[in-house]
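**Q** My structure is below; once you've seen it, I'll send some questions.
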Amino acid sequence: MTSTPTPTPTGALALADGSVFLGHGTGATGIALGEVCFNTAMTGHQEILADPSYAGQVVCFTFPHVGNVGANGEDEEAASPQARKAAVGMIARAKITPPASWRADTTFEEWLCTRGIVALTGIDTRALTRKIREGGMQMCAIAHDAAGNIDIEALKAAAAGAPTMEGRELAADVARTEGGDWTEGNWTLGEGYAVGPEDGPRVVVLDYGVKANILRLLTGAGARVAVLPGKASIDDIKALNPDGVVVSNGPGDPAETGKYALPTIKAVLDANIPTLGICLGHQMLALAIGAKTAKMPQGHHGANHPVKNHETGQVEIVSMNHGFAVDGTTLPANAAETHVSLFDGSNSGFKLTDKPVWAVQHHPEASPGPQDSFGVFDRFVGELKGRVEA
């Protein structure tokens with residue numbers, strides 16, 4: 001299968017199954033290897049591509065118009081220099097137009113270049129999305145050459161030989177290497193980002209590729225936030241006298257990251273420190289208590305996913321970005337399922353009944369997406385405040 005646009009293509013996408021899509025290259029030049037997935041969000045494309053959880057992936061947007069609001073520094077989701085290694089490629093249907101937003105401080109194409117993201121436009125994204133939906137995510141090679149000099153056969157061979165996401169540890173590539181305090185709070189129009197509190201519960205975030213908005217919302221909820229590399233030890237954590245710990249989002253196979261992360265996470269649980277896990281953090285908390293994770297065929301990537309909250313009985317519309325999932329049937333007796341995806345019934349959250357531990361698979365910080373789950377941060381920090389004051 002080969003999909004060809006006109007005029008002369010300057011970019012190409014080759015899938016591991018031999019399929020080829022020809023398009024117009026933009027963003028960074030060169031070749032990138034990654035797992036191709038589709039994202040259904042209509043807005044927030046800068047935040048999506050800057051999410052460290054997308055490290056090693058090529059994002060196909062189902063919404064045709066991408067980047068027409070440009071990019072700006074305030075919407076940055078990389079919480080550290082290392083976290084700028086996020087998505088490696090982007091695929092869109094329509095040509096990227098000049099920015100139409102007063103908030104833009106650069107064009108989207110320029111931003112793609114600065115982030116090293118190889119991008120294609122003019123692709124039949126509906127056909128590509130159907131292929132992923134029916135056959136599952138697969139590895140790919142994406143190329144951009146301004147002169148159109150692309151060796152298609154070599155590109156197909158590169159895609160076929162690319163290592164899959166299963167068994168890959170990517171969190172260490174996007175996690176910070178040094179710890180530090182985080183003081184940036186919530187954003188408001190005309191005011192920018194607020195400054196965090198000088199007192200309040202101390203929250204230590206283990207960084208496996210944490211999104212900046214997770215840190216902002218923790219700060220906005222009243223926590224004093226410190227961030228440590230994901231490879232930090234329990235002694236490193238205890239040295240900061242935390243009232244709570246957050247195990248962050250991040251990319252890759254949780255079982256592989258867990259090889260170095262689980263001993264520390266288990267030690268946090270053994271110390272009875274209140275803990276919140278998000279996305280990859282949710283998966284690794286599940287592994288720490290004896291549950292299992294598995295690769296998903298298509299994954300969940302978008303800003304319109306319905307999740308049932310069993311504790312409130314309400315349906316929350318949330319942002320999701322994950323290619324692995326917790327097998328809810330393997331959760332131990334002391335773990336109660338709190339959230340479930342209404343798309344496929346997969347686990348989207350649990351809590352422990354004998355320890356102060358909560359975990360959600362979706363992204364409660366959104367950015368982009370609905371704000372239905374912002375309360376996750378308020379409840380967690382509120383729980384810590386109650387314990388501190390008790």
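Yeah, the Cβs are placed from backbone N, Cα and C, and that goes for glycine too.
The following feature annotations were taken from Swiss-Prot:
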REGION    1-198  region 'CPSase'
BINDING   Ser53, Gly250, Gly252, Leu280, Gln283, Asn321, Gly323, Phe324  L-glutamine binding site
DOMAIN    202-390  domain 'Glutamine amidotransferase type-1'
ACT_SITE  Cys279  active site, nucleophile
ACT_SITE  His363  active site
ACT_SITE  Glu365  active site
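Help me see these features in their spatial surroundings.
**A** Listed in sequence order, the residues of the same chain lying 6 or more apart from Phe324 (L-glutamine binding site) and placing their CB within less than 8 Å of its CB are Met165, Asp253, Pro254, Gln283, Thr293, Ala294, Lys295, Met296, Gly299.
In the three-state DSSP scheme, Cys279 (active site, nucleophile) falls into the coil class.
All protein chains shown were included, and the count of other CB atoms within 10 Å of the CB of His363 (active site) stands at 26.
Of all Cβ atoms in the shown protein chains, 25 besides its own fall within 10 Å of the Cβ of Glu365 (active site).
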**Q** To the nearest whole angstrom, what is the C-alpha distance linking Gly323 (L-glutamine binding site) and Cys279 (active site, nucleophile)?
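**A** Spelling it out, the Cα of Gly323 (L-glutamine binding site) and the Cα of Cys279 (active site, nucleophile) are 10 Å apart.
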**Q** I need the CA-to-CA distance for Gly252 (L-glutamine binding site) versus Glu365 (active site), whole Å please.
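**A** Rounded to the nearest whole number, the Cα-Cα distance is 20 Å.
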**Q** From the centroid of the CB atoms of Ser53, Gly250, Gly252, Leu280, Gln283, Asn321, Gly323, Phe324, the recorded L-glutamine site, which same-chain residues not already listed sit within 8 A by their CB, in sequence order?
**A** Asn249, Pro251, Pro254, Cys279, His322
**Q** If you measure from the C-alpha of Ser53 (L-glutamine binding site), which of the active-site residues Cys279, His363, Glu365 fall inside 10 Å?
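**A** Those close enough are Cys279.
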**Q** At a 10 A cut-off on CB-CB distances, which of the binding-site residues Gly250, Gly252, Gly323 has the highest count?
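**A** When each Cβ's neighbours within 10 Å are tallied, Gly250 tops the list.
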**Q** Spatial neighbours of Cys279 (active site, nucleophile) among the recorded positions Gly250, Asn321, His363, Glu365, defined as Cα within 10 A: which are they?
**A** Gly250, Asn321, His363
